[in-house]
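Okay, so here's the structure we're looking at.
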Ligand SMILES: NC(=O)C1=CN([C@@H]2O[C@H](COP(=O)(O)OP(=O)(O)OC[C@H]3O[C@@H](n4cnc5c(N)ncnc54)[C@H](OP(=O)(O)O)[C@@H]3O)[C@@H](O)[C@H]2O)C=CC1
Ligand SMILES: O=C(O)C1=N[C@H](C(=O)O)C[C@H](O)C1
């Protein structure tokens, strides 16, 4: 047991944090060695098992990330951009693999994560599920096969608490479509239409976001031409798919050289 990789979960009280604690607890390939929450959070100083309404598991939630990371081989982090940037530097300092699921990262955040990856293994993906990563590959292939007579639209739907748009997954799918077509996503992106928009621009890659209820995550990639449409769809019904992918990444990262990786590397896609 002691030689299994020890994992710390940041944002342990969150939707994904709790799912990760359960997934690691049930795994025979890794063990939970730490949980981090921000200072002042009601769970700090308490056993994570009891916080989640069960029996004690011997892991007390801390607000000192470096102390927790120093005892771990990997950190799994589904929090928020500012926190993730801070955790990237600390995980690198502790030489722990940093698995980043956080979305909504902007250029300044990404630059800091890239800097941390010079000294440590970072695996980052806007979606850690096998199904979505397969869909990314399919999107790239179909976009490469079809010309700009086929309009690309990405429609995503998530729960009412999601704070960023387009979703990290939608951006991965958009990037795949852009790569398939050999264009730059930033230049092709058409996001958040409203008012008199004018006709659709040829070659645009469109994004639309639905927010409501408890939707876990749904993504459609629509290729629309005159007279026909191809629609690729992924529907997540359980956050366990993301937690399983993140745990797989944390274990995979143990053998890797410092650098930044994604789920394609982990899954060998
Ligand atoms: N890549 C993937 O496969 C997936 C990615 N995600 C992404 O993961 C992120 C989290 O999603 P979700 O779990 O739904 O969100 P939640 O809001 O439920 O959880 C986020 C957690 O992070 C905590 N947190 C924020 N800042 C800090 C900090 N500085 N120190 C410690 N803890 C902190 C929050 O605490 P507090 O409440 O106190 O702010 C909260 O507990 C989002 O970016 C989401 O898009 C989600 C699912 C899958
Ligand atoms: O916030 C979420 O919930 C999710 N976020 C990720 C995203 O932004 O794509 C992955 C998944 O769709 C759930």
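Glycine too: its Cβ is placed from the backbone N, Cα and C atoms.
Among the features that TrEMBL reports, domain 'Dihydrodipicolinate reductase N-terminal' is placed at 7-128. Here the domain 'Dihydrodipicolinate reductase N-terminal' (7-128) has a mean pLDDT of 98 out of 100.
Under the heading NAD(+) binding site, TrEMBL lists 11, 12, 13, 14, 15, 16, 37, 101, 102, 103, 125, 126, 127, 128. All protein chains shown were included, and the count of other CB atoms within 10 Å of the CB of residue 37 (NAD(+) binding site) stands at 25.
Using DSSP to sort the residues of the domain 'Dihydrodipicolinate reductase C-terminal' (131-267) gives these counts of helix, strand and coil: 54 helix, 39 strand, 44 coil. If you look up TrEMBL, you'll see 131-267 marked as domain 'Dihydrodipicolinate reductase C-terminal'.
Residues annotated as active site, proton donor/acceptor in TrEMBL: 158. Around the Cβ of residue 158 (active site, proton donor/acceptor), a 10 Å sphere holds 24 further Cβ atoms from the protein chains shown.
Annotation source TrEMBL lists (S)-2,3,4,5-tetrahydrodipicolinate binding site at 159, 168, 169. Counting only same-chain residues at least 6 apart in sequence, those with a Cβ under 8 Å from the Cβ of residue 159 ((S)-2,3,4,5-tetrahydrodipicolinate binding site) are 211, 212, 213, 214, 215, 216.
All protein chains shown were included, and the count of other CB atoms within 10 Å of the CB of residue 162 (active site, proton donor) stands at 18. TrEMBL lists 162 with the feature active site, proton donor.
Shown are the binding-site residues 11, 168; of these, the residue with the fewest other Cβ atoms within 10 Å is 168.
By the rule that a residue counts when its Cβ sits under 6 Å from some atom of ligand 1, the binding-site residues 102, 127, 159 yield 102, 127. Among the recorded positions 158, 162, 169, the ones whose Cα is located within 10 Å of the Cα of residue 127 (NAD(+) binding site) are 169. DSSP labels the residues of the domain 'Dihydrodipicolinate reductase N-terminal' (7-128) in these numbers: 43 helix, 26 strand, 53 coil. In this structure, the binding-site residues under consideration are 13, 102, 127, 169, and the one with the smallest number of other Cβ atoms within 10 Å of its Cβ is 13.
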